[in-house]
Amino acid sequence: MEEGKPRRSSAVLWMLIPCGSIIIVLSVFVIILSTRPPVPPDIKILYCKEGWVGYNKNCYFFSEEKNNKSLAVERCKDMDGHLTSISSKEEFKFILRYKGPGNHWIGIEKVDFNGTWKLEDGSSYDNIVPIKGIGDCAYLSDRSIMSSFCFLPKKWICRIILL
């Protein structure tokens, strides 16, 4: 080695140590920010999941797949929801606007020969929008609520209530 010239390896080493330290610190920072703890089941839901649409403290999922009514109920349960009911004219208009084309199962069923309609939770349907048809299971058509045989395949709409 020649006299008076700085050593190249020590200069590189002094540059690598700070750069390496910065990379390690940034990596740890990214890992900390990107990992989230699981949400405990007793925590309230404050926002809609990806693929769901929010309206009036509810989240709605509009399916593209078709199932019979009982499978539609199960699919909603698998997503921690239930088939939607209709609670107001405004909700009815919102759902019609977002559901797209086709018929969609909702959570209203006829429970007796007198034409009494009940929601999935067992409460009475308030006939906010009259249900037309002769079937036992209600669905949304393009403009109204209709009824048909429960075994027929249709799209479906799930709802999760934000707490």
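Even glycines carry a Cβ here, placed using N, Cα and C.
Here Swiss-Prot flags C76-C158 (among others) as disulfide bond. Using a 10 Å radius centred on the Cβ of C158 (disulfide bond) and all shown protein chains, the other Cβ atoms total 25.
Listed in sequence order, N68, K69, S70, E109, G135, D136, C137 are the same-chain residues at least 6 apart in sequence whose CB falls under 8 Å from the CB of C150 (disulfide bond). C150 (disulfide bond) carries neither a helix nor a strand DSSP state and counts as coil. The disulfide bond annotation in Swiss-Prot covers C137-C150 (among others).
As annotated by Swiss-Prot, domain 'C-type lectin' applies to 48-159, with the evidence given as sequence analysis.
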C-beta crowding around C137 (disulfide bond), within 10 angstroms: 25
Neighbour tally for C76 (disulfide bond), based on other Cβ positions within 10 Å of its Cβ: 23
Helix, strand and coil totals (DSSP H, G, I; E, B; other) for the domain 'C-type lectin' (48-159): 20 helix, 38 strand, 54 coil
